[in-house]
């Protein structure tokens with residue numbers, strides 16, 4: 001990743017001001033802390049939950065998986081991913097918080113009425129058109145495609161869609177400015193050298209999806225529902241935390257409808 005931003009703080013107040021300033025109506029939805037993953041603490045989270053953001057420290061195993069491209073590769077081969085999932089790649093360093101918010105809102109637009117004419121309304125309208133059947137070959141230098149009998153395989157076309165959105169976001173000065181303002185609003189000193197990473201969990205078409213801009217595509221974690229999204233995501237998060245028991249650098253936030 002060439003370009004690097006200042007990372008967003010894992011703070012609901014920061015995330016709320018960020019998304020409200022970009023077109024999510026204040027008083028409609030908000031991020032809130034998830035203080036624990038047991039049933040009693042999960043019950044304290046306002047419902048309905050539209051998405052879950054998880055911040056965790058990257059390890060050498062994560063780096064190895066990304067370099068090899070092997071992480072969850074079988075997902076695409078064994079299971080068709082819903083075409084309704086909104087997903088984008090992360091091509092800007094330290095932009096995982098912004099990408100997480102984009103994933104959270106982008107997969108809940110049917111339940112959030114974005115402010116007319118706002119940045120987010122314009123952003124999602126523009127990038128929604130970047131779908132698998134409308135490929136912009138201007139970004140061929142970002143991704144190599146496989147042709148078979150002059151027909152572009154669906155999975156490769158879909159990946160072009162993800163890279164189109166990433167390229168659009170990377171060159172979007174308005175989003176970069178909004179991110180910078182939000183990054184400077186946190187309680188901790190800004191530092192570009194961080195080793196934590198945000199991912200988003202959303203329920204789309206009855207499936208729990210992990211949306212990680214470092215990956216090539218969404219990851220399905222099996223059946224879910226809007227009512228059980230928080231509990232289902234918590235199970236995946238618990239397993240992720242168990243992989244790194246020596247670290248305390250974890251954070252969970254829920255995007256809840258008010």
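First residue shown is number 1, and so on along the chain.
Heads up, the Cβ atoms here are built off N, Cα and C, so glycines get one too.
Whatever TrEMBL says is automated annotation, not expert-curated.
These come from TrEMBL:
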type	residues	note
DOMAIN	4-257	domain 'UCH catalytic'
SITE	90	site 'Transition state stabilizer'
ACT_SITE	96	active site, nucleophile
ACT_SITE	197	active site, proton donor
SITE	212	site 'Important for enzyme activity'
> Measuring Cα to Cα, how many angstrom lie between residue 90 (site 'Transition state stabilizer') and residue 96 (active site, nucleophile)?
Replying inline: 7
> Least buried of the recorded positions 197, 212, going by other Cβ atoms within 10 Å?
Replying inline: 197
> How many Å separate the Cα atoms of residue 96 (active site, nucleophile) and residue 212 (site 'Important for enzyme activity')?
Replying inline: 8
> Can you tell me how far the Cα of residue 212 (site 'Important for enzyme activity') sits from the Cα of residue 197 (active site, proton donor), in Å?
Replying inline: 9
> Counting every protein chain present, what is the number of Cβ atoms, excluding its own, within 10 Å of the Cβ of residue 96 (active site, nucleophile)?
Replying inline: 25
